[in-house]
Amino acid sequence: MSQTRGKYDFCIGLVLAMSSSIFIGGSFILKKKGLLRLARKGSMRAGQGGHAYLKEWLWWAGLLSMGAGEVANFAAYAFAPATLVTPLGALSVLVSAILSSFFLNEKLNLHGKIGCLLSILGSTVMVIHAPQEEEVETLDEMSHKLGDPGFVVFATLVVIVSLILICVVGPRHGQTNILVYITICSVIGALSVSCVKGLGIAIKELFAGKPVLKHPLSWILLLSLTVCVSTQINYLNRALDIFNTSIVTPIYYVIFTTSVLTCSAILFKEWQHMAADDIIGTFSGFLTIIVGIFLLHAFKDVNFTLANLPLSLRKDDRAANGTLLSAYDSFNDDEESSACLGEMQSSESLSARRNGSLSAF
């Protein structure tokens, strides 16, 4: 019965995670469209600290879409481990990349399509080899986990790094370095996932009739989640306003996934009982995702499609043949030059010997 229940929860978590990626991927496009409309109107941009996007309905549509995605994501964490839900966020990269090519005129070349495919394949491998987290059924157990020294050190480092980026690095380099705002969103996101996991447990206990609302941890988690999500929305808006969507989305995914997997491993001790093949599979899947994200990002300005491939091959063949021909021709020229030079040297030496013999007499 327990095994059947586990499979049922797995399927529910899988469906919710996939639908979450679709909503979140679409939200990036709606928000970007709203921010572009504001820029054309001459309003103060979000990247400069403005909040005029609050009056734009497209931005609100994107926010509602992201909200729906986050709700589905929230529910997915309640039914499945974070190492299953988080890697499926790669689907949001695919959705965002495809929709941005249609609605934002951000071209997706062959490298980008291969990158999206690799991201999906890598996510699939990670799901297959995902580690199993320790079962946490009650808020008291969750409270014990959150009080673990390892997690306390990790959370403290995340808060310190975030404050440094927000107060010191952001004002100086946030407008030019894409990693600043995205790193803030990502590391804060690791804490928000932990809050979501705890609140999911609280909701389950609430439906079971337990006095969850009297437990102080429920309100602490809710307050922490509100602060984390508000911070993420603010700095993600800044990154989207300044930089290209097809760049922001994949980089955000990579750093966010790394942060969540690290946090989940520390909080739930997921890696202690993993087999060697599952460890290799998990890392291989994640590296495959990173390679896909790199292809999607690094070659975004290269205008290369399948239609260009035969032409490129023909050009390469012509270039190679031309190189061989020119090398062959130059070799023949060198041989002819050497022969002429040899004849001239022979004639000169013969005349010199004749002159020498005459002078001897």
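Just so you know, glycine gets a Cβ as well, placed from its N, Cα and C.
Taken from TrEMBL, the feature transmembrane segment applies to 12-30, 57-79, 85-104, 111-130, 150-171, 178-203, 215-235, 247-267, 279-299.
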Would you call the transmembrane segment (215-235) and the transmembrane segment (247-267) in contact, using three or more Cβ pairs under 8 Å, pairs 6 or more apart in sequence? no
Which one of these stretches, 111-130, 178-203, 247-267, 279-299, has the most C-beta pairs shorter than 8 Å to the transmembrane segment (57-79)? 178-203
When you look at the transmembrane segment (279-299) alongside the transmembrane segment (111-130), do they share 3+ Cβ pairs under 8 Å, ignoring any pair fewer than 6 residues apart in sequence? yes
Intrachain neighbours beyond the transmembrane segment (247-267), with Cβ under 8 angstroms and 6 or more residues off its ends: 25, 28, 81-83, 86-87, 89-90, 92-93, 96-97, 115, 119, 131, 133, 145-146, 148, 150-151, 154, 158, 178-179, 182-183, 185-187, 189-191, 193-194, 236, 239-240, 286, 289-290, 293, 296-297, 300
